[in-house]
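Asks: I'd like to ask you about the structure that follows.
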Amino acid sequence: MANASSISRSLRRSLAPDDLHRLLLQRSRAFVTAECHRPVVLHKRGPDILHDPWFNRGTAFSMTERDRLGLRGLLPPSVVSSQQQIDRFMGDLKRLEQNARDGPSDTYQLAKWRILNRLHDRNETMYYKVLIDNIEEYAPIVYTPTVGAVCQNYSGLFRRPRGMYFSAEDRGEMMSMVYNWPADQVDMIVVTDGSRILGLGDLGVQGIGIAIGKLDLYVAAAGINPQRVLPVMIDVGTNNEKLLKDPLYLGLQEHRLEGEEYVEIIDEFMEAVFSRWPNVIVQFEDFQSKWAFRLLQRYRKTYRMFNDDVQGTAGVAIAGLLGAVRAQGRPMIDFPKQKIVVAGAGSAGIGVVNAASRTMARMLGNNEIAFESARSQFWIVDAHGLITEERVDIDPDARPFARRKSELTHQGLNEGASLIEVVKKVKPDVILGLSAVGGLFSKEVLEAVKDSSSSRPAIFAMSNPTKNAECTPEEAFSIIGEKVVFSSGSPFDDVDLGDGKIGHSNQGNNMYLFPGIGLGTLLSGARIVSDGMLQAAAERLASYMKEEEVLQGIIYPPTSRIRDITKEVAAAVVREAVADDLAEGYRDMDARELARLSEEETVDYVKNNMWNPVYPTVVYKKD
Ligand SMILES: NC(=O)C1=CN([C@@H]2O[C@H](COP(=O)(O)OP(=O)(O)OC[C@H]3O[C@@H](n4cnc5c(N)ncnc54)[C@H](O)[C@@H]3O)[C@@H](O)[C@H]2O)C=CC1
Ligand SMILES: CC(=O)C(=O)O
Ligand SMILES: [Mg+2]
C-alpha cells in the first residue's frame, strides 16, 4: 500500500470505506506490477552475482542473461525454471528424509559433505583449515568414497556453482568464456568430461564433483592457493540413460559427442585455458579409457598436463608394489621377479602395467631383453578373461601385454581364462584390482592366493569407491592370513587380528602423488610433465616408508601425513625437472638458482611456497 498517500484527502473523504479499500488495493497492485517490470540495476557481473544471495538465481538465469551478465560458462549448461529449482530442492530433502528413516546409510556422510560445502561457500580459509587439521576424518568426505555419492546426487545437491562448465553448445566461445573466471592467475585445473567417475560410470555433468574434490586435496595437501585452482567440467552429453530421462538433470540431455567433434571441443578448451593462463597445469581426471590415453598422447608433449588415472595411479601402484617387495624382507631390486596378476585393463590398469613394467625393465638394464622379461611378469585379466595374443579386436593399449601363445601352453592357460584359473596357475606374488567390480576377489580367488610363491602375498583392491573394492581387508586377512599385505583405493579400518596383532589396511590411492606432481611441476616451471618427473615422484613415495613400517605391512603413509609426503614428492619432481633440463623456474627462482639448491634446500623451497590457511591482512582500495 505504499502508494496510498497518492490518493488525495478530498477523494478519501468522498468515498465509502469499502470503495476506498478497493481503490487502495487496485492502486497497490498496479504499483507492485510496475515495480516487477522495472529492471534491477546491478553494479556487478559474473561470479559476484552468483555469490550474492540477493540477486543470484543460479541455474534459472536464461542464456541471454548469462551473456549480458558475464555468466556464460560459470553455470551448468541447462537453464531451469524456478519451479524446477524448487522440485529439485524438495526431491533432495525428501530423499534425505527417506534415507534417515531407513537407517544410517550414506546420509550421514552426505550430510557432513553438505555442511562442509556450505562452509566452503562462506569462508574458504576456514574451510581449508578444518580440512587440513582433520584430513584423516574429512578426506573420505570431500574425496573418495563420499565424493562418489556427491557426484551421483549432484543435480539434487547443487546449490551454488563452483568451477567452470564448458559444453558442446559453447563451441567457438571458449576463448572469451575463460575471461568470465575472476582470477587472473590459475595454477591448477582439474578437468573431467564425467564419462567414468571413480568406478561409478558415466555421470555426465555431475562429475564436476570429482574435479572439486581433487582440487580440495591440491589445496589441503599441496598448499596450492585456493584462489588459483579451477575445477572444470566439459559437458559433451552423457550416455547414462537414467540421467538422459531425469527432468532435474543439470547437464546437456543428449548422447555424448564422439570422434573428431569431441576432440575439437577438448582442443578448443586447451587452447583457451593456456591462452589466458600460459603457466597453468591441467590434470585430466576420470575420462573413459579410450579418451584418457588418446588425449594424453595428444597433449603431453605440448602442454603442461598429465592424466591422473593413467599416470598418478601408476606411480602410486609402483610405490606400493616396491613396498610389498620390501615387506617380504627383500630389496627393491628384486621387483622384476614378482609375478603380478592385474584385474582390469582400463586407463588405470594399463597405466599401471605400462609404468611398472618400465620400472622393472630399468632395473634389468633397460634393453630389449629387459623389456621382454619385464612384460612376462604381468597377466592382465579384463571382463573377457585373460588377455592373450589370440584376443579378437584387442585394445591397442593392452596389446603389448597380451600373453604370448607360446607361454600359454606352458602355463596351461587359454585366451579368456578366468581370474581364478589364472591365479591358480600363476601363483602370483600380487593380485591388483582396477576393475571397478566390487567383490571380484572372491573367497575362491583369495583361497587360491594362499598358494602364492611369495612369503607375503599382496592384495591391491584399488577400485573406488568403497563398494567397488575388489575385496575388504577383513576378507583378505581372514582368508589368506596375517602375512598378507593389503591395500585399497578407498579407506578401510585396520583389522584386529587378535593377540594384540593388527592387519594394516593401506590406502593405495593416487592422492599420494597427484598433489606433489602438480606442485613440483608448478615450482620447477617445467614446460611438460615428463616420465622422469613421474618416476621420481613414485620413487620418493616408495622410499618415504621406513624399513620397520614396511616390515609391518605398512606400505603407504597415513592420510594425516599427506602434506608432508606431498612436499617431499614435489621436491623430487622439482629436482628431476632440473636434472632433465625441463625446469624454467618459478617467480624469482630461475632455473639456474633451482639447480644450485641442495636436496634439503629444495624441500625448504617447496615448503615455503605452500599456501597456509591463515587470514591475511586486508586493505581496501577504490577502483
Ligand atoms: N586407487 C586409485 O588411486 C585409483 C583407482 N581407480 C579405480 O580403478 C577402477 C577402474 O578405472 P578405469 O581403468 O579407468 O576404468 P575402466 O572402466 O576403463 O576399466 C575397467 C576395466 O575392468 C575390466 N573388468 C570389468 N569387469 C571385470 C571382471 N569381472 N574381471 C576383470 N576385469 C574386469 C574391464 O574390462 C576394463 O578393462 C575404478 O573403480 C577407479 O575408481 C582409478 C584410478 C586410481
Ligand atoms: C582415485 C581415482 O582417481 C579414481 O578412482 O578414479
Ligand atoms: Mg580418477
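Glycine too: its Cβ is placed from the backbone N, Cα and C atoms.
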Asks: From ASN153, ASN240, ASN509, grab the residue that TrEMBL records in the same (S)-malate site as ARG196, ASN464.
Replies: ASN509
Asks: Which residue of ASP267, ASP309 does TrEMBL report at the same divalent metal cation site as GLU285, ASP286?
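Replies: The candidate from ASP267, ASP309 that TrEMBL ties to divalent metal cation along with GLU285, ASP286 is ASP309.
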Asks: Can you tell me how many other Cβ atoms are located within 10 Å of the Cβ belonging to ASP309 (divalent metal cation binding site)?
Replies: 26
Asks: For ASN509 ((S)-malate binding site), which residues of its chain lie six or more apart in sequence with Cβ-Cβ distance below 8 Å?
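Replies: Result: THR144, VAL316, MET462, ASN464, GLY489, SER490.
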Asks: When you measure from each Cβ to the nearest atom of ligand 3, which of the binding-site residues ARG196, GLU285, ASP286, ASP309, ASN509 fall under 6 angstroms?
Replies: GLU285, ASP286, ASP309
Asks: Roughly how many angstrom lie between the C-alpha atoms of GLU285 (divalent metal cation binding site) and ARG196 ((S)-malate binding site)?
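Replies: Cα of GLU285 (divalent metal cation binding site) to Cα of ARG196 ((S)-malate binding site) measures 9 Å after rounding.
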Asks: Near the divalent metal cation site, what residues other than GLU285, ASP286, ASP309 in the same chain have a C-beta no further than 8 Å from the centroid of the listed C-beta atoms?
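Replies: Other same-chain residues with Cβ inside the cutoff are THR192, ARG196, ILE197, ILE210, PHE284, PHE287, ALA292, ASN307, ASP308, SER347.
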Asks: Mind giving me a neighbour count for ASN464 ((S)-malate binding site)? Other Cβ atoms within 10 Å of its Cβ, every protein chain shown.
Replies: 25
Asks: Which recorded positions out of TYR143, ARG196, GLU285 lie by ligand 1, going by a Cβ under 6 Å?
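Replies: The recorded positions passing the 6 Å Cβ test are ARG196.
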